[in-house]
Number of protein chains: 2
Amino acid sequence: MTKFSVLILGSASASPTLNRNPTSQLLNINEQYYLIDCGEGTQSKLREHKVKFQRLHHIFISHLHGDHYLGLIGLLQTMHLLGRTIDLHLYGPPQLKEIIDLHLKYSYSALRYPLIFHPTQAVQSEIIFENNQIEVSTIILKHRIPCTGFLFKEKSKPRVINPDAIKLHCVPKHAINKLKNGEDYIVFDTKKVIKNEVLTLKPAKSRSYAFCSDTKYCESIIPQITNVDLLYHEATFMQSEEKRAKETYHSTAEQAAQVALKAKAKSLIIGHFSNRYLKLDNLLNEARFVFKNTELALENSVFEIKETQ
Amino acid sequence: MTKFSVLILGSASASPTLNRNPTSQLLNINEQYYLIDCGEGTQSKLREHKVKFQRLHHIFISHLHGDHYLGLIGLLQTMHLLGRTIDLHLYGPPQLKEIIDLHLKYSYSALRYPLIFHPTQAVQSEIIFENNQIEVSTIILKHRIPCTGFLFKEKSKPRVINPDAIKLHCVPKHAINKLKNGEDYIVFDTKKVIKNEVLTLKPAKSRSYAFCSDTKYCESIIPQITNVDLLYHEATFMQSEEKRAKETYHSTAEQAAQVALKAKAKSLIIGHFSNRYLKLDNLLNEARFVFKNTELALENSVFEIKETQ
């Protein structure tokens, strides 16, 4: 059973409050970490959760509003001071590089590890990272400045070998990998075909997480996130503030739930709460009225996507 | 009795730890606030202490290492979002303005309040702020990049009217201000001179606070800070790490104490502790061995300078 979980490090919108930090989330996919957004205070939150900075290799920044990236420069500096030498991959708007370079220039510093910058563009969705397990693509959001969400998707998993069937049919070791890839087994001397499904079991389903940070209500993202297992969607305001949400290119809790509903998401978490809301029950209820399986993406919460067949 | 106190918001050096924030201090002089340095997390610490951001009018940044200013952009943004319209005066290295402007440019924002920037230079000490109560001058420190400390000094206070003596000598109201300024009183018809000290009492002494952030051991600052009431001096390392301190342009606890001793400071607080020190007792003891009246400038501590005659 491999892990696929989201740890919430910050749930506040632009103005942090005493209990709510600006946006940041730590994704754990099979013990590989992916940091999404990095508001002020993220390095402290990571320490609080005893996350070793050495284990961070990929950081994704959605857009250049301060509450989504102002903790990044400090985190990069701390990694440098801790003696990091391994690569760090950073994905974000092209101008982020210019900002980092200016900070480094005036602190007379050069990072002693390679910072590999991958500029994103907010025009059309593209795959910005993949390895043998997952694929990350941008989600084009509608915010006041260029802004992308990120869709993390597990790749199709190999079929699972059925050890009893393998034994029964005397399948040799060298044929195993082909079986995992879905091929049938052909007995060497008789040329008899044994169907793959006789020898293997269905693999676990590929899981997916969609991070939709700052955006106004936007149906154009729905095809891309249809059937997503877990959707994070910002919900800065209540529906009573719909006008304000539209003006500021943000969403209401109801709108976030509408997106989840239309995308047939399995579950929804909402965050980026305006500091006008001291209690969040009403936001949650408003979303749940439209999309039942909703939770608040509060600091220190962990949302796990279980493996299913 | 007017207030003169320093609230410590951060005591860590470059890498914050779970319990120690990067450098920031809030000076309260007669209920006027002065923020000195603004490491990441400063706005949260200010909220923790229920400091109203509207009451901040002057922010002083010593130098452009991240642990001394990375909380500034977020604080400026929050002030904007809270609807600030009143002036904010910012004092710091000239390049700080360029950094702020770049962040604002890429967040497509303009602050809705005037941010009045006062560039400092780290060549020779100069007065960078004064009002009718205090005067702030830069202290030229020796760090890896241009860096200034700040000396906050109360101006001479007016002499205190002795109400009994005023009554006895029938001094009219219009003469009071001249008495406060130290002038003698001349009786209108007889031309008799009544000495000022007969009619007034000595004012309280002017108090002073010297903030010496990142610097290697540096005796050249001593004439400027001689007899200071309270000296904050960085003490990143123990004396056993003297070589490392010198290489990184930092000070040891013993060196901070030597500066306090030679400057005849009344008391010393030390901070900017390397994260290698989990307990700080040894740093404190080392400083106290040289300069007894030393305390640790720990988060949430308040150091008050009492008024004396």
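The backbone N, Cα and C atoms fix where each Cβ goes, and this holds for glycine too.
As recorded in TrEMBL:
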BINDING   A:His63, A:His65, A:His143, A:Asp214  Zn(2+) 1 binding site
BINDING   A:Asp67, A:His68, A:Asp214, A:His272  Zn(2+) 2 binding site
ACT_SITE  A:Asp67  active site, proton acceptor
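With an 8 Å limit on C-beta distances, the binding-site residues from A:His65, A:His68, A:His272 that reach chain B are A:His65. Neighbouring residues of the recorded Zn(2+) 2 site, listed in sequence order and excluding A:Asp67, A:His68, A:Asp214, A:His272, comprise A:Ser13, A:Ala14, A:Pro22, A:Thr23, A:Asp37, A:Gly39, A:Ser62, A:His63, A:His65, A:Ser213, A:Glu234 (Cβ within 8 Å of the Cβ centroid). In three-state terms derived from DSSP, A:His272 (Zn(2+) 2 binding site) belongs to neither a helical nor a strand segment and is classed as coil. With the fewest other C-beta atoms within 10 Å around its C-beta, A:His143 stands out among the binding-site residues A:His63, A:His65, A:His68, A:His143. Taking Cβ-Cβ distances under 8 Å and a sequence separation of 6 or more, the neighbours of A:His272 (Zn(2+) 2 binding site) in its chain are A:Ser11, A:Ala12, A:Ser13, A:Thr23, A:Ser213, A:Asp214, A:Glu234, A:Ala235, A:Thr236, A:His250. Counting only residues at least six positions away in the same chain, the Cβ atoms of A:Ala12, A:Ser13, A:Ala14, A:Ser15, A:Pro16, A:Pro22, A:Thr23, A:Gly39, A:Glu40 sit under 8 Å from the Cβ of A:Asp67 (Zn(2+) 2 binding site). All chains included, 27 other C-beta atoms sit within 10 angstroms of the C-beta of A:Asp214 (Zn(2+) 1 binding site).
Secondary structure from DSSP puts A:His143 (Zn(2+) 1 binding site) in coil. The Zn(2+) 1 site, placed at the center of the C-beta atoms of A:His63, A:His65, A:His143, A:Asp214, has further neighbours from the same chain whose C-beta lies within 8 angstroms: A:Ser62, A:Leu64, A:His68, A:Leu141, A:Arg144, A:Ile145, A:Cys147, A:Ser213, A:Thr215, A:Tyr249.
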